[in-house]
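Per TrEMBL, the features are:
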type     : residues  : note
DOMAIN   : A:18-43   : domain 'Putative zinc-finger'
TRANSMEM : A:95-114  : transmembrane segment
TRANSMEM : A:121-141 : transmembrane segment
TRANSMEM : A:161-183 : transmembrane segment
TRANSMEM : A:190-211 : transmembrane segment
Amino acid sequence: MSDGNTHIWHVSAGRAARYADGTLPEPDTWSVEKHLEGCAGCASRVSAAVRGTAAGPVLAQVRDAVLARATPVPVPAVSRLARLLWAAGPAVRGAWPPAVLAVAVGALALSHGAGLPGARALLLAVAPVLPVAGVALSYGPAADPLYEVTAATPGGGLRLALVRTVAVLAVSLPLLTLAGLLLPASGAPAAVAWLLPGLALTLGTLALASFTGCRTAAGLTGGGWLCAVLAPVSAAPGGPLTARLAEQLGRCLDGTGTQGAWAAAAVLSAALLAARRPAYDRPFGR
Amino acid sequence: MTSIHVTGLRVRHRRRLALDSVDLDLGTGVHGLLGPNGAGKTSLIRVLATVARPDAGRVELLGADVADPRGRAGVRRRLGYLPQEFGYYPGFTVREFVAYMAWLKEIPADRVPAAVARAVARVGLADRADAKVRTLSGGMVRRVGIAQAVVNDPEVLLLDEPTAGLDPEQRVEFRELLRELGASATVVVSTHLVEDVAAACTEVTLLEGGRIAYRGTPKSLTRLGESSGGPGDHPIERGYTAALRAHRTAERREALR
């Protein structure tokens, strides 16, 4: 301690009491105050003496008032449900889930209600288009009213597109596969046969979107699938329509070679998407 | 300190040249961006917000070149942006909405609730924090937009027509907030309202036909209005028209040469 007087004397209890009640002569109060600046022991003795005077309750009140202001009010956290909704994005909050549900329920109604034998073939023909449509309705300036603001954030690029795609897949894959399982096969491929094509088309849409924007990309992949499945059916002669559809779907979905090709397409699309990541970092489609 | 450094900026918008050879240095403070419709105010703000890509020129924000993806991500964390047409999710509450933006701006999760509460209180919506955005009036939605822009305590804040839809009292409060934000951040406000600039801005940039027509302070623009006899009800409005006309005359002389 550099203060010269610290080693000479300390403030006694009596002196502290006289300082507190204001009866200490002025020159003595100066030397007490000078000493208190450098001596914690005496400072606490004087503080205790002051708290014992009439000023004590007032000081306590001020202290409580300041603390009440300074203590942060507990802030309600955002609920888990809200967080889930964030991740879901515009498509899953909008009209798209009812559309998926309508397709699933519609196929069941056609089969069990109307007795149509080829309901599974119809469902498998339409199913891969639904997640693709979900992606188109989830991301991009046309689908997301918040797009302009999210484009200026670090998390608004591919990360956001992928999170929303996962939400779309989490709704459509189980629902449509389950519906397929509940339908009689009647010549159509297995109910799970559409999963790899669905995934490949979805990833392909995301990769293509980095060049064309989400809507055009979804139109190309979804439209391409429908053309591949439906065009030969309408051209082929003979037999009931659903039987021809089941046959054509078999060519598009059945067999390890075909499924392997779809898996390869999914992997390639994912690789292309990873390479095109910077395009998601800057707005596209306008 | 210069936080926005723009050189030789050229931007095309719908095949039209929206900005041409713009050089601009902006530092801490509130910068008013004035100019007639189609002068390039929104184009400039969108480029500064890293949303629009410049066709030529260099944009540096907070010392990082925004053409570089890594620099851009860092800058975006420290950026606030309110576009002219502010879209939102009507089903979200104010708190959810601002928290969603905090998540996208990569604010650490443990700091989000407090940051959201502070941003919502700053725009005077604390009592409506748990109301759905669709139940709010136009002026309140605008304030939600300002809250999401400031939730990450941005060092660069870009506001495109933020006072549109606010009533006079709200505008006075908003100017107060602007002055507060401008004490520590670089705030760029585009506006049609010359009186907003006079009241809240430390500097003025006037755009015309994609070029910078005038740079100065509200005071210097007022002085220009007092010394020239241009049309307008207030000296600063007269200054605005005088600066525009002077720029047009100079451009014409340039074209004739």
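Cβ coordinates come from backbone N, Cα and C, glycine included.
Beyond its flanks by at least six residues, the transmembrane segment (A:95-114) meets 120, 122-123, 126-127, 130, 133-134, 137, 168, 171-172, 175-176, 178-180, 182-184 of its own chain at Cβ-Cβ distances under 8 Å. Within the model, the domain 'Putative zinc-finger' (A:18-43) shows a mean pLDDT value of 86, rounded to a whole number. Nonlocal intrachain contacts for the transmembrane segment (A:161-183), taken as residues 6+ away from its ends with a CB within less than 8 angstroms of a stretch CB, comprise 87-92, 96-97, 100-101, 103-105, 107-108, 111, 119-120, 123-124, 127, 130-131, 134-135, 138-139, 191-192, 194-195, 198-199, 202, 206, 209, 280. Long-range neighbours of the transmembrane segment (A:190-211) within the same chain, counting only residues 6 or more positions beyond its ends whose Cβ lies under 8 Å from a Cβ of the stretch, are 120, 124, 127-132, 135-136, 139-140, 161-162, 165, 168-169, 172-173, 176-177, 179-181, 183, 217-218, 220-222, 225, 249, 252-254, 259, 262-263, 265-266, 269-270, 272-273, 276, 279-280, 284-285. For the domain 'Putative zinc-finger' (A:18-43), DSSP puts the residue distribution at 19 helix, 0 strand, 7 coil.
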